[in-house]
Amino acid sequence: MFKIPGFGKAAANHTPPDMTNMDTRTRHLKVSNCPNNSYALANVAAVSPNDFPNNIYIIIDNLFVFTTRHSNDIPPGTIGFNGNQRTWGGWSLNQDVQAKAFDLFKYSGKQSYLGSIDIDISFRARGKAVSTVFDQDELAKQFVRCYESQIFSPTQYLIMEFQGHFFDLKIRNVQAIDLGDIEPTSAVATGIETKGILTKQTQINFFKGRDGLVNLKSSNSLRPRSNAVIRPDFKFEDLGVGGLDKEFTKIFRRAFASRIFPPSVIEKLGISHVKGLLLYGPPGTGKTLIARKIGTMLNAKEPKIVNGPEILSKYVGSSEENIRNLFKDAEAEYRAKGEESSLHIIIFDELDSVFKQRGSRGDGTGVGDNVVNQLLAKMDGVDQLNNILVIGMTNRKDLIDSALLRPGRFEVQVEIHLPDEKGRLQIFDIQTKKMRENNMMSDDVNLAELAALTKNFSGAEIEGLVKSASSFAINKTVNIGKGATKLNTKDIAKLKVTREDFLNALNDVTPAFGISEEDLKTCVEGGMMLYSERVNSILKNGARYVRQVRESDKSRLVSLLIHGPAGSGKTALAAEIALKSGFPFIRLISPNELSGMSESAKIAYIDNTFRDAYKSPLNILVIDSLETLVDWVPIGPRFSNNILQMLKVALKRKPPQDRRLLIMTTTSAYSVLQQMDILSCFDNEIAVPNMTNLDELNNVMIESNFLDDAGRVKVINELSRSCPNFNVGIKKTLTNIETARHDEDPVNELVELMTQSA
């Protein structure tokens, strides 16, 4: 609420008509015309001295209130109204009406004065319209001079003379207040039942009326806009959207703050309002929900919501026409009312599906380009509109035509990211509100614990988790047997969602931007074997790089190259480091997933994975077998230069300011990468050698629970004679051990297999 200048003073500074000891009996009167123009311009009811006292309030048909003025030209039993008054009441001449004295203070209590009044103004005769610009402050002074102390209600019609011109006025809305209050406590009302007395302190706002012909000069006062875009009773917590406090603050600052300021201030600043707001981010983070909720917090026209593909049509020119139709209402109102017109909101969902970069389509029709051109023309063309707000939503901001992202178009771009722990707690609080209010949630459920356990869950996934937990609780009351399914009615009364239900739901619902746990665990299927001090050293180095990415302010991106012979355990070590990191987002890019894809599909897959890695605060990417990803083969040799160049760029591209990324890349062809000139893309290198001494083999046999001590000693002794230059990878060693385990003579079988491998 805004403070209204002049209020907060004693109510004694205004004396209303004395209504004490007034005869309140109802009288039946006939409607007649007012005696002359002075009565018509004064907005009074002409009455006979025999019917009512002079200068009191009367109410007609228990709804319409006027101030009386005596006239000897009005016979007893009649009441004189001008044409505007008769239009407001819906009366015809000689019609019977009921009239009685009216005490506003008994009707409304202390809130009987007008804090503000909004008035539509039109020329009484269109043929006498002039292009003169009328000062709103002077109009307001004239209105007070003519009608001070009269009672006004929304929908009321009256006629006013100003500078020799006659105007029809219609009361749009009023705000009733108590003169003793510092600030208004009631909302702006548009219903006729709200009534108030006009005073010198009343804030009066004029707007172009139905003809749109009256040119109004912006008021020089610093009073706020009467048609403020933000509802006065709006609170952010009422939106029911959690985890987006910073985003809502930015949206309000950039898109709405200017719209609640007085037009005179905005005019002095020489700025225009923001017309476009782009919400982008991962799926399920609440972009569409925010757009819908923004419509509820605004005093605006009902938003027009359009899914991107709905714009397109098979008929020539229809797609462009669909765009024009979305702006038609806003254009018509802006022509009629100018800066005083209401805000029109247009919401585009899946913006990237239609407004792609011009020239990128291969259909040859040019329809997509024309649709982009049409939207650009409407948002920021020659005939600019200042009463629109276009809200676009997309998961792929990079696909949208760059011209749409410049100032004047979608200039406010807000990333709706995955919620942090505080945001997830807010979302859990919202999603379980009814559950808690109805005592359907067990006391052992700790929402803070659940928020900590649900790293990288989007708002939609948290909602799914709550539903899954509820299904586990419901399932306890249902007996599903061979016969009919039975519901235990006794258990329904005791139904509660417990901590165990939520923990079970965590296994049921996994985040889209979480850990590729299944793929990574496949890489270390047999567990991590610490057969050598070198393995311990590699894991410690990896943990150090993890800490660097997590804690250092200067290392948003760290790239590691893990190289060594094939089968030396590079992928397993990278997977182990990733799994032990505790990072919420871990992805594996493996040749297995890209097998069978075309070159362009591989590039798109790798690019999308890197982009996904920028959507979480802490991220790890494991790129397995880099030389295979670029399709390198020694015969020729040949490789995909497009994939190679894409990887070179991606490996060096730093994530956004508040995101961290650790990239671990494995290769068995170090010399090949050297020739490809990609080694400079990595910050550090970790060498993973084969097993080169028999003590390491002995440790592997012990951890694999293979043979007894005597058998292992025999294997080592045999290999020391047959393989003086022992050099075998851990992967091959484990395979040989499993093969020998199923032989009748495992000792000799393993010795033979290891000799062949060495």
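Cβ atoms here come from the backbone N, Cα and C positions, even for glycine.
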(request) Of the residues Ser131, Ser218, Ser226, Ser640, give the one that Swiss-Prot describes as phosphoserine. (result) Ser226
(message) Can you give me the same-chain residues 6 or more apart in sequence from Gly564 (ATP binding site) with a CB-CB distance under 8 Å?
(response) Lys570, Ser668, Ala687, Val688, Pro689, Asn690
(request) Give the sequence-ordered list of residues that share a chain with Pro283 (ATP binding site), lie 6 or more positions from it, and have CB atoms under 8 Å from its CB. (result) Asn395, Ser458, Ala460, Ala512
(request) For Gly281 (ATP binding site), list the number of other Cβ atoms lying within 10 Å of its Cβ atom. (result) 20
(request) Out of Thr285, Ser568, give me whichever of these binding-site residues has the highest number of other Cβ atoms within 10 Å. (result) Thr285
(request) Check Gly281 (ATP binding site) against DSSP and tell me helix, strand or coil, would you? (result) coil
(request) Give the helix, strand or coil assignment DSSP yields for Lys570 (ATP binding site). (result) helix
(message) Cβ atoms within 10 Å, counted per site: which of Lys287, Lys570 has the most, among these binding-site residues?
(response) Lys570
(request) Only counting partners 6 or more residues apart, tell me which same-chain residues put their Cβ under 8 Å from the Cβ of Ala566 (ATP binding site). (result) Ser668, Gly729, Lys731
